[in-house]
Structure formats: C-alpha cells, structure tokens
Amino acid sequence: MKENRYYSPSVHGPYEVAELGELPLAAGGALSDCRVAYATAGRLNEAGDNAVLFPTWFGGTHLPILNAYVGPGRALDPERHFVIVVNQLGNGLSSSPHDTAGELAGAAFPALRIADDVRAQERLLDRLGVGELQLVVGASMGAQQAYAWAAHAPQRVRRLAVIAGTAVTSPQLALLAEALADAIVSDPGYDDGRYDAPAAVRDGLLRHARLWAAIGHSSAFWSREHWRTLGFGSAAKFRTGFLDAHFTRMDPLALLRMLDKLRHADVRSGDADLAETLGAIAAPALVLAIDHDQLFPPADCAADASLLPAAELRVLESVTGHQAIFGAEASYREQVDRHLRELLAREIP
C-alpha cells in the first residue's frame, strides 16, 4: 500500500467507506476486500422512495458532484431527496491499486468493468436499506454506470438520467483512452507500475492532462478564451492551475484502471445487441447531451435516446464542452436542474 494524501477527507470532504467483502469481477478474479467510498445528502424517508444514486465520473469524486448538482433549492434537494454519491471502483477513494494490500496491490490490481461498479453499489444500497431508486443519474462514466443500472437492475430504477455519456464507449473514445494511458506509461518513471509516488510519473501525468485540455474542452472554449470566466488570466494559467493541478496529484495506476474500464464500457451482455438492451429499459429516461462535447457528441447521445422506449433527449448549451459536467457555469447548472425537475415530476404508474 502507498499513502497518497490526495485521497483523503482533507481534500475531498467527508465520506463514508463501506466494507463489502469479496466482489467477483466481470473481467475475472475478485476483490477480496471490496471497499466503496460514498457521501450522502438528505435522509431516506419512511416510505423509502426518495433515494437518488449518482455515481462518479472519470477521475472525479463525490465532492464536485455534491457541489455542482446537490443543494437547497436544486433539483436534487436534500430536503426532499436522499442523494447517494458513490465513488467508482478504482478512483482512489473506493478500492484502488494504491490502497490495496497483498497480492492485488499496485500494478497487480485487477481490471475493472462498469458491471463491477453496479454490483458493488447494489451491495451498498442493501446496507443503507435502500430498495428502489427514485432516480439514477450520472455524467460521463457515471452515465455509463447509470445505463448499466437501468439495464441490469431495472426492478430498482424508477427513472434514469444520463448526462454527457453513452451506453457503449465509441471506437474513437476508446482510441483516446489508449492515448491517455500511453501518456502515463511512456514516462520512464512509471517503471511498469513500480513507482514510489505520483511525483515520479509527473511528466506522464502532465502529458495526460494536456490531452484532456485538447479533448475535454471544446475548440470554442479556447478560441473564445472562455477560461477567463473561470478566473484565469491566460490559457497557460488555466492549464497549469486547473488541469495540471487536477491530474498530477492522482495515482497513475488509478487513472489507468479507470481508462481501461472506460475503454471497455458496454451496457450489453451476452449476445444481446444495443437495440435489444436499451429497448428493454422501461423507466422514463432523460438523455442530456452537451452541444460542444467532443467525447460524447450529441449525435451519439441521440442514437442511444432513440433506442430507449421512454426517453427524452435534451441538448445543453455550453461552450466548455465535456468538462461542463463540473458545473462551473451557472447556465449549465440551471439547464440541468430544469430538466431533472421535469423528469422527477413525471408520474410513474
């Protein structure tokens, strides 16, 4: 095990950790002592019908989700909803390479899949006494988890909302995930995962961050100098102050396990095709695309929405692109809230 102070409550705020025992993994093997970190807002009501599940995105934790999507007067208001924000496996707070002991530590940590997150989250909900979910909502990789919930645990999902994500990772995004991984492992300091600390892989993490700068933010974000609205005086200061600072503190192996999970994300199981899998999701669904998103373009999101029997597609306006999911823009938050309120107001037989 390697200590990394970045993955602590002092950085990400308070959270709980559920010890879930042995978890068989979809790609083979098992986590002998699966741990899931989570944070909640609000309380489960007596009827047990106000729970909302919100899984995290790539590299994200519960903190930016709570800050951007949950709060008094918001669509996800803790006065009315019991919001459970779950850190995906491999993200540094839930079971991850750096904090696992024994034969699965470090580079020996096994491959993860979206299905593993859903299985672990099901166990967590059982522990919390949550039966059905009023809503499962996620952004980016969190959206992929939400799709998997609706497809494989439909009896627990009353409503589905996906933001800037698709049910299957596209070939183009899979190529990007490979490039993002290569940026890390090509650093000699990576040393096949035997590095002592993230600082040893700083050059690789910086290359990783610069790739995110190119694809995570839209062309319009850079050409219109939209970074100024975030309080930065230059593009260079935005890159170093936000993107570089964001990624260089993270554990390289955690990023690699999440990238591998992203590359293989696929809601289908067995011989089922996508139309059959999504066509079986009966829950009212909201598909939110971001107009300048280069990772999950609106056309890809629309294709998924067309296969869902009870889905509505809405396109959010944000020149930021995919990274709008961090919720820095008030207009983005207002759009998301409006659409989530409409979904939550829909009557379900």
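Every residue, even glycine, has its Cβ placed from backbone N, Cα and C.
Residues or ranges marked as active site, nucleophile in TrEMBL: SER140. Annotated active site per TrEMBL: ASP293, HIS322, in sequence order. Annotation source TrEMBL lists domain 'AB hydrolase-1' at 53-323.
Shown here: features listed in TrEMBL, placed on the structure.
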{"residue": "SER140", "record": "active site, nucleophile", "DSSP class": "coil"}
{"residue": "ASP293", "record": "active site", "DSSP class": "coil"}
{"residue": "HIS322", "record": "active site", "DSSP class": "helix"}
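When pLDDT is averaged over the domain 'AB hydrolase-1' (53-323), the result is 97. HIS322 (active site) sits 5 Å from ASP293 (active site), taking the C-alpha atoms as the reference points.
If you measure from the Cα atom of SER140 (active site, nucleophile) to that of ASP293 (active site), you get 11 Å.
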